[in-house]
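Visitor: Feature table excerpt (Swiss-Prot):
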MOD_RES   Ser114  phosphoserine
MOD_RES   Thr122  phosphothreonine
BINDING   Cys211, Cys214, Cys231, His244  Zn(2+) binding site
DOMAIN    336-861  domain 'USP'
DOMAIN    652-693  domain 'UBA 1'
DOMAIN    727-767  domain 'UBA 2'
ACT_SITE  His823  active site, proton acceptor
Amino acid sequence: MQRRGALFGMPGGSGSRKMAAGDIGELLVPHMPTIRVPRSGDRVYKNECAFSYDSPNSEGGLYVCMNTFLAFGREHVERHFRKTGQSVYMHLKRHVREKVRGASGGALPKRRNSKMFLDLDTDDDLNSDDYEYEDEAKLVIFPDHYEIALPNIEELPALVTIACDAVLSSKSPYRKQDPDTWENELPVSKYANNLTQLDNGVRIPPSGWKCARCDLRENLWLNLTDGSVLCGKWFFDSSGGNGHALEHYRDTGYPLAVKLGTITPDGADVYSFQEEEAVLDPHLAKHLAHFGIDMLHMHGTENGLQDNDIKPRVSEWEVIQETGTKLKPMYGPGYTGLKNLGNSCYLSSVMQAIFSIPEFQRAYVGNLPRIFDYSPLDPTQDFNTQMTKLGHGLLSGQYSKPPVKSELIEQVMKEEHKPQQNGISPRMFKAFVSKSHPEFSSNRQQDAQEFFLHLVNLVERNRIGSENPSDVFRFLVEERIQCCQTRKVRYTERVDYLMQLPVAMEAATNKDELIAYELTRREAESNRRPLPELVRAKIPFSACLQAFSEPENVDDFWSSALQAKSAGVKTSRFASFPEYLVVQIKKFTFGLDWVPKKFDVSVDMPDLLDINHLRARGLQPGEEELPDISPPIVIPDDSKDRLMTQLIDPSDIDESSVMQLAEMGFPLEACRKAVYFTGNMGAEVAFNWIVVHMEEPDFAEPLTMPGYGGAASAGASVFGATGLDNQPPEETVAIITSMGFHRNQAIQALRATNSNLERALDWIFSHPEFEEDSDFVIEMENNANANIVSEAKPEGPRVKDGSGMYELFAFISHMGTSTMSGHYVCHIKKEGRWVIYNDHKVCASERPPKDLGYMYFYRRIPS
């Protein structure tokens, strides 16, 4: 055993002294209660630091806590020691040495390396014929940094030896992430083999889906028992849905649903409501065929098109990746690549673009000491810690260094030299941000746009105090709907984070070339001749912008003026312009045969973008607003009884749901109220309540019981319901709105019944045709908006409005036929030049293909 201060740059590192077995045992006695043997289910981190991308390959090695089994690099192990008092760590180090050369100058014959025992990936950039690995393990005792070499059966207590062996033999908590093996991590649903499917004649079209209970047209799930199409859960950015798919399961007990838009020949995203997780359905093709979706035909069709499709799209791959061009590798801060974990390029491209934005750099990397110091005991399960870790890894330059002796090698090898690319592996980050998500937890390719919105949700949910970097993307969209029959209008606003531009194929400027190409291609196919060179449709950006601003028909529009369904027309404008504008070109669609298709187009995206002409103007002179009346509510006969049973006694609050919400960072009392007012329906439903009410002044106030039945009048004085303004108690309003009724309905019903909850519910059921008091509603909304503004003052405006003039600074491109396949790369303009980020490879771009992008990132030009 030796005391090695040299590990930490301390003197005396070369000295060592042998100690008797009794001395080692005596040294470990105070720490024995803290040394654990890993149990089944314990995650043992041996490959990567929780705060950095240090590994056993790093210069300082890796320290594994023998109690928590978390790993830390040399720079961060002291922080964990100070925070937890854990003193015993296993130090792991892998040495890479050049093999001894033979007399002829070549390497000696390759021998089995008996000194490799760590479960680590080898460096693909090192020739195994020239280099060999040697792994080293030691116990280190803090704070004096005593070292005990391993193995040491003779001197170590039996418990310590068992614990060390268990740590060394444990597998990584992250399985080998490739498309084939990751899929096996999803369990097969126990309902798949004997799933009941109703013979109700339902057939699902390949497009035009809409939730059966609301007007949402995204995040839709097909129930595999009865063919119902319903929306998923709600997210911060107003995407997601109203949770009707889950409600349908609770009403019917039909357990399995598949997400529309994810169905490919290789599978789809299937969720089991009963099992509460993403699952595999081995009979998915049969279950989908029941509703007219023929996956086997899709597979045959894709294979039939494969030979014809791949060749034309080779040029797309070559152009976007700048194949055939000698690209200069880039190193240093901001030029770090991300290794591909197996179809993780969508994540890598989005994160490279995100951390090129100063607001995200400041929020995370700028707050690194504070975030790391106040991280939870398990930092691998904390979003802000992992975002900061990733941001530091990308921006520090610590993991993007030129290869050793690169200048000398380049002189000797010239153009034959292949530069070494370091890069970092986002395995821990991906595992955290994708957990419990049916799409991103798989290792199939995903849509970069969907991941961008998912990331924004997480940033919103885990914002650091008053700082919310995703504010730079947020903007307000004004939607104007006009009743075609009465010509009256309604103006509403919603929050969004990106601008979706349709592809105006009819505006292609090379139609004659496209027609000639299509004729030649078909002739070549029929005669089995080589296909002609691809002709790509050239679409003016102005045409896409025009298509975005044109009116669109609204299906199933309910006119409050007619109090009936009518034809409606909707136009969208910007009520505010964001600091950073994200533009998505909607290149993907489905054919009538359910095969995902991609518009292979070239859009002349501008470097400078002016959208000031799309600024919303609100109600115009001469326009008459539609009455503010909600459509009548159709309620099943048993709904009242079922809803009343949701009211629970405070002593029966589900504390497990409360703790789940509290672990997300919400105030404990707010979590208790959320679970209570949603009738113990679970953490997910309670989370939605929190989102709706988190801006209210009494959000974190303790739970106080509203009145029930005859006790309502007694409770009214507590909540101020009998005040001069007849304001209903907010808690009672929350109970009714949590049942699915509109807030305005709840207020009107409570005012009409002196805030008696039971009578208010009776009033709602007996007055489905009631008209809301518009003046009161407007006053309430103004008060709510005033509260939001006053709450937002410390953190700045929630919407960063300004000029609509922008300049392009990044874009993400997709290669392939579908978002569920292919590859993503990112181009970012840094220091006046374009740089391509292609997984772990970072190079100066010679010809950035700005016309072939999928997502574009613009920053506002200061006026």
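Cβ coordinates are placed from backbone N, Cα and C, and glycine is handled just like the others.
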Visitor: Apart from Cys211, Cys214, Cys231, His244, which residues in this chain have a Cβ no more than 8 Å from the mean position of the Cβ atoms of those residues at the Zn(2+) site?
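Guide: Apart from the listed residues, the neighbours are Ala212, Arg213, Asp215, Leu216, Leu220, Leu230, Gly241, Asn242, Gly243, Ala245.
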Visitor: Measuring Cα to Cα, how many angstrom lie between Cys214 (Zn(2+) binding site) and His823 (active site, proton acceptor)?
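Guide: Cα of Cys214 (Zn(2+) binding site) to Cα of His823 (active site, proton acceptor) measures 35 Å after rounding.
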Visitor: Between the binding-site residues Cys211, Cys231, His244, which lies closest to His823 (active site, proton acceptor), Cα to Cα?
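Guide: Comparing Cα positions, the candidate nearest His823 (active site, proton acceptor) turns out to be Cys231.
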Visitor: Over all shown protein chains, what is the count of other CB atoms within 10 A of the CB belonging to Cys231 (Zn(2+) binding site)?
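Guide: For Cys231 (Zn(2+) binding site), the 10 Å Cβ neighbour count is 27.
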Visitor: Hey, which of the recorded positions His244, His823 is the loneliest by Cβ count within 10 Å?
Guide: His823
Visitor: In the structure shown, which of the binding-site residues Cys211, Cys214 has the fewest Cβ neighbours within 10 Å?
Guide: Cys214
Visitor: Do you know the DSSP helix, strand and coil residue counts for the domain 'UBA 2' (727-767)?
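Guide: Output for the domain 'UBA 2' (727-767) reads 29 helix, 0 strand, 12 coil.
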Visitor: Averaged over the domain 'USP' (336-861), what pLDDT does the prediction give?
Guide: 79
